[in-house]
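Enquirer: So TrEMBL lists these for the protein:
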- 24-268: domain 'Glutamyl/glutaminyl-tRNA synthetase class Ib catalytic' (DOMAIN)
- 26, 27, 28, 29, 30, 62, 189, 207: L-glutamate binding site (BINDING)
- 29-39: motif ''HIGH' region' (MOTIF)
- 118, 120, 132, 136: Zn(2+) binding site (BINDING)
- 245-249: motif ''KMSKS' region' (MOTIF)
- 248: ATP binding site (BINDING)
């Protein structure tokens, strides 16, 4: 295991949380390729956390960036989840069908004077600063034909993570004014994910640690929209080597759904659970039943990255694990 990061708190902070709304979690993959091991780990962690708390677990397909969607990828992802026994509650939501909802929320932010149009290209921004510098904030440009940015003035660099404890994220990306809608009218990740989580009543978000940096901006969007914020848990990120996230874009192989039992056992080991205790279990249903009962987030390795071995498109734990 590499890159150990210690937080102020190591206990399961959710144990003492004052929950007001019924628990509702979700798994929200982008269909840019089939399900890989890192995605399975996030799906499994979010599923176990929801089911142990008698909550609902939803699945949402984040296909808002339609040019990047791989054909048949949504169906392959859903089929893989089912093969591993991860059954969702309620209907599947597809972001590509929700443009009108995002526009409604964008109008709310516009009325609150929380938006401005930006004509800057990426190359122009890089010439001025490593991150966006608010260049167009007072330019008064029209929204049509330009990207639309959120005025990110609220300081949410500090937040409580259910696994890591109190977090402080003060990177330039976490502070800048994010684009909510591109010039080509495609809504961006921050806008779509916050609106969908509001609309679906999501109370808990369990996701990969690579998205921790997105949390300050998303908390600010909740506040600007005057909506209750969810609880966040960011689990260690699976990498094939240090600082190289396992991803579809980097050619991560699809998990083999015919080996769902073995995949679940490996994933549970990465989540800190006793692999020996489930060695005798031979069905996904029995494994998940055991895992729901024994799930403890505090058992996960206190590391930002978890190394995975891949040989001939087969995932395995490194010998050092």
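Positions of Cβ are set from backbone N, Cα and C atoms, glycine also.
The shown structure was predicted, so the numbers you read here are calculated from the model rather than taken from an experiment.
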Enquirer: For the recorded L-glutamate site, enumerate neighbouring residues of the same chain (Cβ within 8 Å of the Cβ centroid of 26, 27, 28, 29, 30, 62, 189, 207, site residues themselves excluded), in sequence order.
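Expert: Not counting the recorded site residues, we get 60, 193.
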Enquirer: What kind of secondary structure is residue 207 (L-glutamate binding site) part of, going by DSSP in three states?
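Expert: Residue 207 (L-glutamate binding site) sits in a strand per DSSP.
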Enquirer: Inside 8 A of the center formed by the CB atoms of 118, 120, 132, 136, which other residues of the chain have their CB, for the recorded Zn(2+) site?
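Expert: Those within range, site residues removed, are 119, 125, 133, 134, 135, 137, 147, 149, 177.
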Enquirer: Write down the Cα-Cα distance for residue 132 (Zn(2+) binding site) and residue 189 (L-glutamate binding site), rounded and given in Å.
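Expert: One finds 17 Å between the Cα atoms of these residues.
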Enquirer: Can you tell me which of the binding-site residues 118, 120, 132, 136, 248 is spatially closest to residue 27 (L-glutamate binding site)? Compare CA atoms only.
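Expert: Nearest candidate: 248.
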Enquirer: Using the residue listed as 'ATP binding site' as the reference point, find which of the binding-site residues 26, 120, 207 has the shortest Cα-to-Cα distance to it.
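Expert: With Cα distances computed to the residue listed as 'ATP binding site', the winner among 26, 120, 207 is 207.
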Enquirer: Going by DSSP, is residue 118 (Zn(2+) binding site) part of a helix, a strand, or coil?
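Expert: Residue 118 (Zn(2+) binding site) sits in a strand per DSSP.
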Enquirer: Give me the long-range Cβ neighbours of residue 29 (L-glutamate binding site): same chain, 6+ apart, Cβ under 8 Å, in sequence order.
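Expert: Set apart from residue 29 (L-glutamate binding site) by at least 6 residues yet with Cβ under 8 Å, we have 35, 39, 43, 59, 61, 62, 77.
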Enquirer: Nearest by CA distance to residue 207 (L-glutamate binding site): which of the binding-site residues is it, out of 118, 120, 132, 136?
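Expert: Its closest listed neighbour, by Cα, is 132.
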